[in-house]
Structures are given as structure tokens and as C-alpha cells.
Amino acid sequence: MSRQPMGPPDGRDPFANPPQGPPPPGRYYDNESDDQYDRREQDPQHRFYGSEASFDPYAQPRMRDTDTESEVDVYGQRYTPSAESLMNGRTGASTPTGTFHEYGPAKHPYPAWTPERQIPLSAEEIEDIFLDLTQKFGFQRDSMRNQYDFLMHMLDSRASRMSPNQALLTIHADYIGGQFANYRQWYFAAQLDLDDAVGQVNNPGLNRLRSVSGKKPNPGTAKSLDSAVNRWRQAMNNMSQYDRLRQVALFLLCWGEAAQVRFMPECLCFIFKCADDYYRSPECQNRAEPVPEGLYLRSVVKPIYRFIRDQGYEVVDGKFVRKEKDHEDIIGYDDINQLFWYPEGIGRIVLNDKTRLIDVPPSQRFMKFDRVDWTRACFKTYYEKRTAWHLLVNFNRIWIIHISLFWFYTAYNSPTIYAPADTLVPSSALHWSVTALGGAVATLIMLAATLAEFSYIPTTWNNTSHLTGRLLALLVCLAVTAGPTVYIAMVDGNGSDSNIPLIISLVQLAVSAVITLTFSIVPSGRMFGDRVTGKSRKYLASQTFTASYPGLQGKARTASFSLWIIIFLCKFVESYFFLTLSFRDPIRAMVHMKIQGCQDRFLGSALCSNHAAFTLALMYVMDLSLFFLDTFLWYVIWNTVFAVARGFSIGLSVWTPWQDLYTRLPKRIYSKMLATSDMEVKYKPKVLVSQIWNAVVISMYREHLLSIDHVQRLLYHQVQAGPDGRRTLRAPPFFISQNDPGFKGEFFPKGGEAERRMSFFAQSMTISAPEPLPVDAMPTFTVLVPHYSEKILLSLREIIREEDHSRVTLLEYLKQLHPIEWDNFVKDTKILAEEANYNGPNPFTGTTDEKSGSKADDLPFYCIGFKSAAPEYTLRTRIWASLRAQTLYRTVSGMMNYSKALKLLYRVENPEVVQMFGGNADRLERELERMARRKFKFVVSMQRYAKFSHEEKENVEFLLRAYPDLQIAYLDEEPARKEGGEPRLFSTLIDGHSEFDPETGKRRPKFRIELPGNPILGDGKSDNQNHAMIFYRGEYLQLIDANQDNYLEECLKIRNVLGEFEEYRMSGQSPYAHLGHKEFAKPPVAIVGAREYIFSENIGVLGDIAAGKEQTFGTLMHRGLAFIGGRLHYGHPDLLNATFMNTRGGVSKAQKGLHLNEDIFAGMTAFGRGGRIKHVEYYQCGKGRDLGFGTILNFQTKLGNGMGEQFLSREYYYMGTQLPVDRFLTFYYAHPGFHVNNIMVMLTVQMFIVTMVFLGTLNKQLQICKYTSDGHFLGGQDGCYNLFPVFDWIKHCIISIFLVFFIAFLPLFLEELSERGTGRAMIRLGKQFLSMSFIFEIFSTQIYSQSIMSNLTFGGARYIATGRGFATSRISFAILYSRFAGPSIYLGMRTLVLLLYVTLTLWMPHLIYFWFNIIALCIAPFVFNPHQFAIVDFIIDYREYLRWMSRGNSRSHANSWVGYCRLSRTMVTGYKKKRLGHPSEKLSSDVPRAGWRAIIFSEVLLPIAMAIIFTLAYMFVKAFPDPKTGEFGPSGLVRIALIALGPIVWNAAVLVIMFVISLFLGPMLDSCCAKFGSIMAGTAHFLALLGMIAFFEFLWFIELWDASHAVLGLIAIVAIQRAVHKVLIAVFLSREFKHDETNRAWWTGKWYGRGLGTHVMSQPAREFIVKIVELSLWSSDFLIGHFLLFMLTLPMLVPYADRIHATMLFWLRPSKQIRPPLYSVKQKRQRRNIVMKYGFLYIVVLALFAVLIGGPPIFRETITLNCSICKSI
């Protein structure tokens, strides 16, 4: 076809009627006068984009005087492209592209885009467009080649299933002009249609910026949005195909080098718009000379990149150093991106000379980019302040629903509280009016949320007017809902019989109900001024980019509303009858309780008279927290039921008879998996199906899942059909013998992997799926795997060497886990060995004697899988093990099944291809490979590849040789050219076909594209994905992690899965045609999620728990969520619509810390911008999970930290304040609600025990009324207090809390029940309970909640590498203690003391459950530690614990208590500026200092409040007279203050003495006595411990051995000391040094030479405060550690405890138990000595503790000390 002429392209103005004559040159969709193009300033900055000087783009570049050497164009020393690279050696003119020429016959690289198919533009013409754009804008040549290949693959992919013209049209519609193209949506959202139609004079947004009074835009000239949209479509429709392709090419070239700018889609749209405007200007068209290569990167991308980088980092000596700034001070990607949403934002962009970019004519804006001052233009558009107020703003409807309803319920049932003093019951008017205050409560919550919202949105932004309006309206609502109560309270009781108060109260109740309902349902963003669906252009950007939620239709909408109506109906009914009515009697009993005969010296009777009221207040809070918890309970129940029902409805259930599943499988394979409608059927279906089935069976055999016997029963066989020699196919017995009871033999190993895979495959074939397209017509897709340092291939050393503290080699462990597969592997190996025997000496045996067949000779095979240690034989064992661990090799080999599947399907569906190559197997294989390569790409983004070790590089080479089509993207670095400069980084792509460069020994890259700087600015994964994103090909992306797997039978379904995107049968109409565009009006599918099978589920209880969580969330929850529109994106193994996602900011977000859970943000972005998200049940990938206690909790900590960051994010703000109520509730309870519920559970447990402590004080000190068993009051109890209803209420509460924990197991049970049957479900649940999984659940709930709370307070969220190895090695007590003391053990121990008091004063059997719970918080890490109860290791652990407690004072140590303590402290204090180079600095990680606002509550106010509460409880107990003498004793306050502060004063005194000694003796003794510091520290710590024990014994004594009083005293002491420590650290400590020199200086007395500089004067005083706190904390850690050890000693008394424990943990039968480790004689002797010495010490310490605690009560009668002072306190 004829080629479009170069020069001014044919275009149309979308905002004018189509012209009658030829269009004026250079006019497109900018209607500015043409003479503007000639008003360019001729300044030196434009010597490339505008100057007429000649320039040779391929000559050696000139040096530019700029700030870094990377500014210099460096393409002088270019890599030669490898042989298969595109445009090989081209320098300008169009010549045919030689691609893939080493792959066999000279095939066209893009078969669907060939001249025979009437293509609108040939490949050469497209190439010329790319060359032309590259020369005009200065794109890099490799980037141009890459994007050319990218676009050609896209065209080939689309054109294979539609006409080439339609393919180009739809691609242009997706990128630029279609209804759902992000560029078009941005164009109208930012009101650029007004800018381009009538010049910027009449743009209202820009006018708001011009403070010129009296100038109002003329409404007559403003075009309406609808007419503008029509004009746009008309312009797009009139555009030539050449122009469409040029626009797409320009967009891709801008995107391809945009680096971090790709995270900012609207910024990229603006860059493209300016580039497009510039291209169409006469100046650009008249230029003959190319601009230098790399100019776009330098002048456009690099300034923006530098601005982003400098927000979070400063560059010191070429290294990135993180700035200590939190999110609210960092202008992040989203802030910069939102600058381009509104005309006001674009108007802020100014140049260095203070000219606004918007005032420059559109055609000249692009040339000014290198002079934009981004620091003046960008500002925060949303403040991610670290505060829990986000929970109120984002989820205000949750708080309103619960707190308001709680008020309505409870106020109605608590009339005695607000009854007038002289009556017991209030009047009806007052009763209804106080109940109606629930409306005022709802309004107050809304007011608080609105005020908090003000602090998150800058007042310069256009939302504040909307908030002010809402604030005023809410104040009116408050007056309406609260005012009547004030009036009724005033008139009530004045003796009037008027009905007016009653009428007013009823009206108030009705208004309150309406207001509460409105606030509960209507999103705050749509209240009093709708910014979600409002018609104002002002809100268009916000609607487009944050609230374009795809609608739910028909059944889905009904299901969504029905689910929530059922949940809340159940909740409202249950809460009223179970919680509120059971609380009514306790309120009556306690509200007027006045405690008699009780007097405190300081507080008088006030303490006692208010004690019952305060206890009642705690009970109210407790009841409210249960009110929140039961909603989640009902959500879990009904959501599980809904998901299981949904599974039944789509045909996924174990209760479909298995026989039917298998007998119908061949027909289903034929109808669902093969593209039968497009096939000319020349063969019987049986023939086609047999090839598919046999391939699946053989693939399982090759993976050693099946033995040869099994294979024979599963394969289709050719058999003689008759006497004429005809052969026919016989179906395998597997299909025919299902109903034959006479058939003997098994088809799979029982309970093996093959059976699981086959059963899922058969089951999945029952579910409806989109019809597949033929392979040559299917779309191209790419699998992308980000890889950092995950294991690639296990080395022989890793497989057969025992780890430290492990009792088994990895190979032995894997053999025990997969015995059948190992057996098959060994048989296979022996067959290979025998084959090798025929060809000479056997390399496997290394011998040829006759005995080689004997059993003994086979031992090496069964032990390690080989006899000869030659690499080719050991490799088989390495691969076998790697395919059963979590390695990249497993992932790559699994995902490469896509290639095998496509080749198989292509061969089966196109028998003519086989005939065409008639027997030439090589040519046939090449043809199949060509097709697979065309449709499937696999990219591993191996960020660190250039820095890999030799072993890692060898493993990668092995991968590339095994899978030559595997592509690896990595970061290549060139050192800085000049001192202090920055290294230059490149995104580089290689594959297995890339040749080796003889000079460097490395593979030659296919593409090597320079980046503006180091791309890893965030937490790593998202940046790693982003830099490799430019190398994906095709229309869809599958995101896979480096610990996943895939199977051939699943890969065969890929065409069905891609059909879920609903783009197979696209309309033949033009998306721009007058009527045709309506056929493209359905929102696109952005994400298709899939199931995951957790292949690590059989690895013990922890593996099973992790798998169970993934199974319930990743399968059960997603099934329901996707149907009702609540599913988001969770990374793996989701498939993405690549064009949709990449034009909207990419597949993940990347701001450091904030986007820690990077993938879920992409899901929220896709959802908010109009993408639909689906979930398929018929396809699954394998996935590994963390297997050890520590790694699972690391993962949960990462999730918790990430959720804390999500709370702060703008995405949660948008979704929480804009989603309709049913979808908001779905979003909340499926995502943040789960974590908020965990926080509520742990707070409820603590709240409940505090409440019980106060009830315990009442029960202990007062005479409680007694009742008979049937509830009758016993006589003769004058002056008793009725707490009987309260005790009933306590039992209700305990049952509620128990149900909340227990219900966690329901989803897994029902999922197992529906998919694997009753037996399997019962067995799995039984095994979990017997393995104490409930202890783990309780502990993980605490870890979740603590990590979120800690993150909201301190921040510091970072990626935690969780480690995915097998957890077979024992971790020492000290390490576990230091890891989990802060998150859980301290809380558990404090709560345990509270529970002890409750048990002593208020015993009931229900408390046993709480003992389980609280002990779990303390001992869970040790219960799930392998071989924790091996006696010898336990004693060695004790030695290590004592050493950990005592080291680090003479010299720094990586693992010491001092280091642990300092690290805990630095979350509050922060670090001083890093002084690089000090060795001990490596021991401290970067922790930003928390802001005082964040810590004032958790670190100062809360500990003080808890200390006051427990002190009051203790004072109450001590305010009663002595029962013997009747005299009132001294105030409890003096006693508790003395004993609480005594140890702190004692520590201070010890430290003063020690300081003086060390200062004078230290410098003298330190040189001769290296341990001087340790001796000083040891003495001080021992004295501190002695002081603490002495003061406790003193308390024990002065309480006259009353256990409950002593325990309550201890509770108050702990609370006071904790408050003092927290206040000292938070208020009095300056920042910490990163090294530990000050600690060593304190003990050694050597303060000089420590590098302290001027701080040497202030540090001793600071260190004095630190040491006071440290001594107290050390003493308490010493005591807590010993109590834990004592608790862990009890199970060791049980015979075979270690073996029972290992069975519980690993789920291995005792016969397969992991053997004891092997030690040398010397090691055995050492261990024996340690056990003798430290075992004796341990027993002595245990006895000492027993004497100190248990001795006094036993001998209380004989121990009498007369102490007058004691009596006075």
C-alpha cells in the first residue's frame, strides 16, 4: 500500500467542524494560532531541539559541562547487538529486519503483520517512524529497537485474531484515544480540552490561579464536556492509520525510557502531550538534523528522577544515604502525579526564569522541560501522617455503625444510670431522648473524622471548601440530635404532665435514626457536596482517577447487598440478646453500689465511692469491644458459607461423584481445552485427546510422581483392531475401570502429588470457562518473575551437608517428605545407569564387576542418588532436590511448561503442520518452538545478576542453557567517570541465544538502555519489576514470585484463562465510529486472579498453617470477593491486562516504606480507575510458603507493617470515603478489617483482664451476696454486695472471646470439606489441633496487631526477607527471646501476673481458657522450635542465654543483650547522623526517629495511665480496716511508691559508685586487665538484680504473705516502673550513637579516643539515665527468661518428650524421626562438661527461685519479724 509522506501528518482539529479544504499544516488538536510556532526564543538550551546547526547522531558525542558524567552521551562504547537483535546494524534507511534468523527457516518474525494481510503500514514503514521519532527527540537507539519490537509483537498479537487495520485501531484506542484510554481520561480530567480548544485564556482552572479581579470567563465560549468528547472521537476517527501508529510509537518511546516516571501515569501523559504538540510544530517538521542520542533521558526524565531521588536520599561519596524523613515530608510519586490531575497543578509548573510552562505555547513546552524547576512546582497533595486518626477518617462508617448502635442498645437498657437522683427509673421522655443521643454520637464521630481529614489534605487544594461545607452541616446535625436532650433534662422532673417532652424525644429518636442510617450508608465523600458523582468539572479528575469503580450488575449486586443485610441482621439480633441484655443486670447491680467502711489516707472516701463506677466504666468499654468483634465473627461465618455456596454453583465440589469426573474427563478435555470450533475435524476426538492426556501423564512420570506401572494404566495405547492389521486407540483403564469393582491395582500412589494434581484437573474441567482460540490466533503473554537473592539451584554441599543445630541433611529430609518420588527417581537413575552400561563402563557405578546388580551396590543410589561424583550425575540429584525446595529453578521449569503446552496444543490442533514437515523432526520442532516463542515470553528480572557470585552465575548459565528462550533483565553498572560522580546504570536484557563476548566473557545484551540513575529507590521488588517492564511482550502479564511452580496440565488452560479478559471476540467496528464506540463501552478487565496450591503444606504443622491461611484467603475468600467486586491484586499468580496497568502507573507502587505491600496498591489503583478484577477457579499455580516459626512471623510482621502503611495511604482514604456502602464493607472486612479485628481481639483480652482485676478487688474486699444453685437469695447476709449478675456477664464475655478465636478455623474446615471431603477435613483439623496450632493462632494474632500498632507509632516499615528454607534446625533460646520479647513475651508476662491475681480473687473454670491464651503469648516461640525439649541442647541453650545476657561490655558483640536493648530503645530516640566506617555501626540498622506526636500517647500517656489505674486498684484494697484490729492501715500509695521507685534509686546509687571507680581505676587497669569493663558491668547488674529481688521480698513480707495483695502490689510496681522507664527514654534521652562506644566507655572509664568529639561532656549524663533504665530492664529480662525456662522444663519431665514434640512439629512418624546429630569425641566431651556445669547451676537457680517465692508462704507461721517502720508504710 502507498506510504504516508513524511512531514506534517494529516490531522484534524477535534473542536471544530471538519474543514472543507485541505487542513492547514501543523494543526491537530490544538487550535492555537499557527504563528505561535514561530515565536521561539533562540536560546542556547535549544541547540538540539530547535537549532538549525547540523548534527551527526552517530558521531562521537561532544562533552557537556554538566553535574555528572552520565550527562555525556555514552553510546560511543556501545555493545554490538547480538545476532538475533532487531534492526541489527541499521543506521537509517529502511531495510528488511533480520530477526530470529538463527532459528531455522527465514520466517517473518511477525507472521500476522505481513503484506498479504493488507496491513496499513509495513514493518519497514513502522521502523522508519521509530527512526524519525528517535532522531527528532533523542531517544536511545536500543530503546527504539526495544519499543519497535514491543509494538510489532503487540500488532502481531492483535492481528492474529482480527484484521491488521482493526488491530492498530484498538491498540491506539487502548493507549491514546479510546473511552478507557488513560490518556484520553486525563486529557478531559485536567481540562486540557479547554486549553487546547480556546487557548488558556478561558480555562476556569487556570483562571482560578490568576488573581486578576473582575476577569470572568465568558460562558458562551466554554465548550460543554459532552460536545468536547464527541469532537475528540470525531478527530480520532478522522485520523490516518499512519498518525495513529506514530502516536502510539511516540507514547511507547516516552514510556520506554521514563524509568521512575512510569509510576506517575498522568505525568507521563503530560510529557507525551507536550512531545506530540512539539512534533506537529513546523519547527520540528522542518528540522533536517537529528538531535543527540540520549537527549530525552537527560533533559526530560533525569530532572524528574533526581527530584524524586532527592526527596528520600542524599548522595554521599557516590552512595545513597536515606534521609530521615517520614512520608508526610516526602513528596512522593503520587504527589507529583496528582500535580497533573488539575489545571491548577499544571499551572504551578514553572521554569528557572519563573515563567509558567502553561504560558508557553503548547508546541514549545516540550523544549522547556530541561528548565523546569520541579522543586517549586511539586507539593504534598495528601499528608500520610503517622497517626491512628486515619482509621477514623477512612473507616468512619464502621465506627458510626458500631458505636451509635451500641449507644442505642445500651442507653435504652441502662436507664438507672441517667435516672434522676431521687428515682430509680427516668421518665419516658428522658429515656427515649437519652437513647436518641446515638444520633449525636454518630455526628460527633463524623465531626472528628472531618476535622482529622483537614490535617491530611493541604488547604491549597480544592477539597477544603467541600470539607468546610460538611463541617457546618454536621454542626447543625449535632444541634438537632443533642439539643432536645438538653431541653428535656431541664424540664424533666418539674412536675408538669405535658406530653411535649415525650413528642420531642420521639421525633429526636426518629431524626437520630435517620441521621445515623445516613452517616452509616452514605460515603463521606458524597455527603454535603458530592465529589464522587457530582457533575462539576472541578471533581472530574478525582472521579476519574480515584472513584471510577466498575459497577456490579444483576446477580452480583444482589448478592453483595444480601450478604451484608444477612450479616448485620444476625449481628444486630445476636448483639442485642447476647451482649446487651446480659449486660443490663450487671449495670443495675453496680450503678448505685456505694462501698461502705473504706477510707484512704490521701483520697478519703472518694476512692471507694467511685471504685464501682470506674469498674462499670471498664465493663462498658469491654462490652463495646465485644460489639465490634461479633461483627467480624458473623462476617467470617456468612462469607465462608457464601464462598462455599459459590463453589457449588460453579461446579466445584468433592461431592460430585469421582467416577463421573474421571469417565467424562476425555470429553471435557476435547470440548473445553481444544479450540474445536475453529478446527476442521479430520481426526476423531479420541486421537486428539489421547495426545493431550498422554503428554500430561508422561510429564508426571518425568517429574518422578508416577512409576512405570502407573503410567501403563494411565496411557492411551495403540492396539491391533482386527485381522486386517488396522490399529486403534485403547482408552486407559483409568477412564474405563472407574465403575468396575473387579479392577485391581492403583492408578496413582495413594495420597501423592500425582493424585492431587489429577483430581484437581478433573474437577476443574467441570467449571465453565471461555472457549479457547487456536494457538496461532491467541494473544501473546509474558511471565515476569522478580528475583533478588532467592536460591537458584541447590548446590551439592547444601543438599548433603547438615546445617548447624540441625539433625538431618536436606536430602534426607526431602526423601522423608517425598518417599515415592525418591523411589521413582532412583529407579529412573538405575535404568540410565544400565543403559550407560551397554555403551561401556558404567559412569554411575564406576565399576563393571558382576556384583553391580546386587542390593548392597544400589545403596549409593538410595542414599544420594548417584555413585560417580561427575558433575553430570550429581546434577540430577541437585535438580531433584531443587524441584522440591523453593528455588528459582523450580519456578522457571514450572513456568516453561507454558512453552511445552503451546507446542503440544499447536501440534494437536494443526495435524497438517506435522504432515508438512513429513518426518523431519528437527524442522517440526523448530516450527513448534517458533510458535511457542511468538506467543509466550518469560522474563526474570534478576536485579543483582551483574554482582552475582561465581556459583550463582554458573547456576544462571545452567538455566539459560536448559531454557534458551528464558530472558534475563538485569542492572548493568558502569563506574563513575570522574571522582565523586555517580555510576551509570543500564537496564539490560540477555537470553540463552545471546552470544558470549570474547573480551568480557559475558553474554552480549539484546538491549542495553541507560537509566537516569539507580532505579532501586523503594523497597526493591516494585523497582525491580519496573526496570524490567519495558522487556515484556504482548497483551498480558502474569506476575510470578521466585518460589512458585506450574504444571503442564494447568498450562494447557492458559487460552481459557486469557479469554477471561473478554478481548477474544472484539467488535469489528471502529472504537471511534459514531455508533461503533458503543460496542467498546464495557469497563475492561484489568486483573484475572487464580488459585494457588501451597506445595509446602505437607511439611509439618507450621507449613500446614501457612498453607491453610493461603488456601482460605487466596481461594475461598477470593472466590466470593471477586463475585461481589471486592477482590484486589495480590501479586502472584494474577494475570494482568498489561496495557491497562502500564498506562496507569505499572503493576505495583514503589514509594519506600509506604508501598511495602506493593502489589495491593496496584489492585486499588486498577479498581479505582475503572478496571474489573476477576478470579478463576479452574486454574492454579503452585506456591511455596514460609516454613519456620520465625520466617512465618517475619512474613506476618511484614504484612502487619505493610497494613500499617496502607492505613496511612491515600488509596485507603479514597476507598474508605467514596465507595458505596456494600462494597465499602466488603473492602473493609476483607482487607483492613481483618487486621483491625486482630488489634481489637488483643485489646479486648487485655481490657477484659484489667476489668477482671477490678472486679477481683471488689470480690476480695467486700462481702458478696450468695445465692442457691437455682438463683434464690440466701438469708442472713446483711450488708452484702450483689455481684452475681456480674459473674454471669463475665462468663458470657469469655464465651464470646473463645468463639472469636475458635471461628478462625471454620473457613479452612469448610473449604476442606467442600473440596476434599469430610474425612480429609476432619483429619486435617484434628492434626492441627493435636499439634497445638491454636497456640500459634493466638501468637500470630498478637504479632499482627503489634506490628501494625508499632508501625503506626514508630514507622520504619521495611521489606523483611523471610527465608523459605526448611525449618529443621534448632534456634537458641536467647535469639528467640530477643526476637519475640518486645512483640509478645513482655505483654504475655505482664498479663500473666494480672491473670494470677484474677485467679486468686475470682476463680471460675472459664478462666482456664485465658490461662491457655496468655501462656501461648509467652511460650509459643519455644513450642514451635525444633528439638526444644532435648535435655542436652536445653542446658547448652541456658549457657548461651547467660552469655548473651552478660557480653558486649568490654568489646562490641553482634549478639548481646546490650545491643538488643539499645536497638529496642532507638525506635524512640533515633540515631545520630551516621559516622561511616565504625565497625560496630554495622550492628545497628537504620531506624528513623518517631515524631513526638506519634509517641506521646503510646510511650508516655498510656504507661502513666496504666500505672495510675493499677495503683488505684492497690490503694482500694489497702483502704479497708484490718479485720483483726479494725484499724485503718497506712495509705497504699506510700508503700507502692517506695517499693516501685526503690530499685530505681538503688540502681542510681550503684551506678554513681561504679562510675567513680571506673573513672579513676579504669584507664589504669584497662591496659592490663582486658575484662575490667565486663567485671564492672557484671557487678552492677548483679547488684541491680539483688535489689529488685530484695524489694519484692520486702513487699511479700509487709503484705504478711497475702498472695493476692502481693500479686496486686507487683502489678502496680511493674506498671509504675514501666512508666518511669518509658518517660525517661522518651523525654530525657537524646539521639543514640550508631556505635556502642559510650556503653564501653561507661564501664571501662575510658571516655577519650572513642570518637565522641564534643559529645564527650554530655554523654556521661545521658549514659547515666540509660544505665538506670538498663539495669532495671536487665534484671527483669533475667527474671522473665528464667521463668520461661522453668515453664519449658515441665514438658521435659515427660518420657520421650523430644520425640513426641518432633512428631507434632514435622508430622513424621517416629520410625522416620530425624536422627540425633553426630558429634566427634571432642565435641561430645565439651557438651558433657557444659551440661554437668550449667545443669547444676540451673538446678541451683531453680531451687533458689522456689525458695524465694514459695518458702515464705509455707513457713509464714514461723517467720515473724517485728518491724515498726514496715507497719507505718
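Any Cβ shown, glycine's included, is placed from N, Cα and C.
No curator has checked TrEMBL annotations; they are predicted automatically.
Among the ranges 254-275, 430-451, 628-649, the one that TrEMBL lists as transmembrane segment is 430-451.
Long-range contacts of the transmembrane segment (1239-1258) within the same chain, counting only residues at least 6 positions beyond its ends with a Cβ under 8 Å from a Cβ of the stretch, are 595, 611-612, 614-615, 618-619, 621-622, 625-626, 628-629, 632, 1264, 1281, 1283, 1286, 1290, 1293-1294, 1297, 1300-1301, 1341-1342, 1344-1346, 1348-1349, 1387, 1391, 1394-1395, 1397-1398, 1400-1402, 1410, 1413-1414, 1509-1510, 1513, 1516-1517, 1604, 1608, 1611. Residues 386-387, 598, 600, 603, 607-608, 611, 614, 1250, 1253-1254, 1257, 1261, 1349, 1352-1355, 1468, 1531-1533, 1536, 1608-1609, 1611-1612, 1615-1616, 1618-1619, 1622-1623, 1625-1627 of the same chain, all 6+ positions outside the transmembrane segment (1494-1516), place their C-beta atoms under 8 angstroms from a C-beta of that stretch. Contact between the transmembrane segment (430-451) and the transmembrane segment (1734-1755) is absent: fewer than three CB pairs lie under 8 Å, with pairs separated by 6 or more positions in sequence. For the transmembrane segment (1678-1697), the partner stretch with the most Cβ pairs below 8 Å, chosen from 471-490, 561-581, 1536-1561, 1573-1598, 1734-1755, is 1734-1755. Scored by C-beta pairs under 8 angstroms, the transmembrane segment (1536-1561) has its highest count with 1573-1598, from the stretches 471-490, 561-581, 1573-1598, 1734-1755. When the stretches 471-490, 561-581, 1734-1755 are ranked by Cβ pairs under 8 Å to the transmembrane segment (1573-1598), first place goes to 1734-1755.
The domain '1,3-beta-glucan synthase component FKS1-like' (242-354): residue composition by secondary structure is 73 helix, 10 strand, 30 coil, according to DSSP. Here the transmembrane segment (561-581) has long-range neighbours at 401, 405, 409-410, 413, 623, 626-627, 630-631, 634-635, 637-639, 642, 1120, 1124, 1221-1222, 1225-1226, 1292, 1296, meaning same-chain residues at least 6 beyond its ends whose C-beta is under 8 angstroms from one of its own.
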